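Colleague: Quick one: the structure is below, questions incoming.
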Amino acid sequence: MADDYLDLNQVNQAKGEVTLPGSKSISNRVLLLAALAEGKTRLTGVLKSDDTDVMLAALKTLGVRIVQLNHDEYEVEGINAFDHSQFPQTKADIFLGNAGTAFRPLTAALAVMGGDYYLHGVPRMHERPIKDLVETLQSIGCNIEYKLNDGYPPLQINTSNLNVSAPIEIEGSVSSQFLTALLLVSPLITRKTQQDIQIKVKGELISKPYIAITLNLMERFGVKVENNNWSHFIVAKDAKYQAISHLAVEGDASSASYFMALGLVGGGPIRINGVGKSSIQGDIKFADVLVHMGADIQLQDNSIEVRGHKGLLKAFDMDFNLIPDAAMTAAVLALYADGPCTLRNIASWRVKETDRIEAMHKELEKLGAIVSSGSDWLRIEPPKHWRTASIDTYDDHRMAMCFSLAVFGPVGVRIMDPNCVAKTFPTYFDVYKGLVA
Ligand SMILES: O=C(O)C1=C[C@@H](OP(=O)(O)O)[C@@H](O)[C@H](O)C1
Ligand SMILES: C=C(OP(=O)(O)O)C(=O)O
């Protein structure tokens, strides 16, 4: 039975060493890429969590042979989607929880390859938009139907009849995962239509560093995409994914943000192994926010060491569009700032695991902060009078993880439903407890 809550005591210090679990964004992309490729790929450092479990289970249901060699090591036997245009299993009911990185790319892959597939998730997944991706796929001949509400999962996918006669247009302003999904399947589209594919982004592309991860990993599997200023992409007609003998998944840079923050407010030193300056994940740039707030950060190729100092942190007013996930960590650090802090350009928070602007607003207020917010921003005045609080987490792993940082004031906190961290970091609170005193 899930624990209802977890009481975290007030603490003064944090130090120690952690090794990060694998990156969710990389794990789910490489599982799919390896499944589509020709040949066997060995993946190490794969994240073990709800989001990756649903991707693994979906691929197995679709008939992909995946052997677990060790706890975080898998061998994936690619189906060679270029010679076999469908998955071995052409009819399936696929549950994808609340994993955007599984739902959006698999929608694109299954719609392009065709079959008889029902894709669904938890109730919140059925409130998260997918219209922009579905409309783009329909515009090139995919057969997708909404089963509950227009614009949202669940989806029924049937056999496609691809027809691409102009650049494929995709909206970029709601989630970058729609463009990621289209890019990941673009070599399948070129193969089926026997032509180069052009992709044009409509609207302002958000969360660009996640597109960089997509392009980087596609290239590792043998497909180089031409990127013209993040708005126009070209994929050549001979594009094809080739297996890689071994790919090591980096540690998760968004998960690193909590430990980096602990090193700052808790004094440190905290050493974080698994990501560093060679990372392909945009969230590594969270280090710049912490340096602004007063952290001393040493970035090695594959590790980070963080130290803080006594006293208040420097307040910030910043655009967080490039690091929407690590941005939540900054919102909680605002509790210890020397003035009001503003997070800007975070509209995508409203359509994630919960409405994160509303959730963050409510929960920071419970601790005594004075908070205001708008459609795409959040402003936090640090508490003058702290209050003890039960923090509701809204089934959002990041709400639970970032509010574990709210214990450096004069009070402890109660985290409701702490097991929601299983979405990306099931052992988070055990690791956390080993660092704070
Ligand atoms: O592509 C990815 O791996 C992700 C993209 C981001 O979503 P948006 O593009 O919707 O901001 C991010 O918030 C999510 O956790 C992972
Ligand atoms: C937004 C997130 O997840 P998803 O991949 O489901 O979009 C997240 O992990 O913060």
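Glycine residues also receive a Cβ, built from the backbone N, Cα and C atoms like all the rest.
Annotation comment: TrEMBL describes Asp325 as active site, proton acceptor. Sequence annotations record features per position, and here TrEMBL assigns phosphoenolpyruvate binding site to Lys24, Gly100, Arg128, Gln177, Arg356, Arg398, Lys423. What TrEMBL lists as 3-phosphoshikimate binding site is Lys24, Ser25, Arg29, Ser175, Ser176, Gln177, Ser207, Asp325, Lys352. What TrEMBL lists as domain 'Enolpyruvate transferase' is 10-431.
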Colleague: Between the Cα atoms of Gly100 (phosphoenolpyruvate binding site) and Arg29 (3-phosphoshikimate binding site), what distance do you get, rounded to the nearest Å?
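Modeller: Here the two Cα atoms are 11 Å apart.
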Colleague: Which one is it, among the recorded positions Ser176, Ser207, Asp325, Lys352, that lies nearest to Lys24 (phosphoenolpyruvate binding site) by Cα separation?
Modeller: Asp325
Colleague: Between all pairs in Lys24, Ser25, Arg29, Ser175, Ser176, Gln177, Ser207, Asp325, Lys352 (listed as 3-phosphoshikimate binders), what's the biggest Cα distance, rounded to the nearest Å?
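Modeller: Across Lys24, Ser25, Arg29, Ser175, Ser176, Gln177, Ser207, Asp325, Lys352, the widest Cα separation comes out at 19 Å.
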Colleague: Cα within 10 Å of Lys352 (3-phosphoshikimate binding site): which of the binding-site residues Arg128, Gln177, Lys423 qualify?
Modeller: Arg128
Colleague: Do you know which of the binding-site residues Arg29, Gly100, Arg128, Arg356 end up with C-beta under 6 Å from ligand 2?
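Modeller: So the answer is Gly100.
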Colleague: Enter the number of other CB atoms within 10 angstroms of the CB of Arg398 (phosphoenolpyruvate binding site).
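Modeller: Excluding its own Cβ, the number within 10 Å is 33.
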Colleague: Measure the Cβ-based neighbour count of Gln177 (phosphoenolpyruvate binding site), defined as the other Cβ atoms within 10 Å of its Cβ.
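Modeller: Result for Gln177 (phosphoenolpyruvate binding site): 26 other Cβ atoms within 10 Å.
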Colleague: Taking 10 A as the limit, how many CB atoms besides its own sit near the CB of Ser176 (3-phosphoshikimate binding site)?
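Modeller: Result for Ser176 (3-phosphoshikimate binding site): 25 other Cβ atoms within 10 Å.
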Colleague: With an 8 Å cut-off on Cβ-Cβ distance and a minimum sequence separation of at least 6, pull the same-chain contacts of Arg356 (phosphoenolpyruvate binding site), or say none.
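Modeller: Those within reach of Arg356 (phosphoenolpyruvate binding site), by Cβ under 8 Å and sequence separation of 6 or more, are Met328, Ile346, Trp349, Arg350, Asp396, Arg398, Met399.
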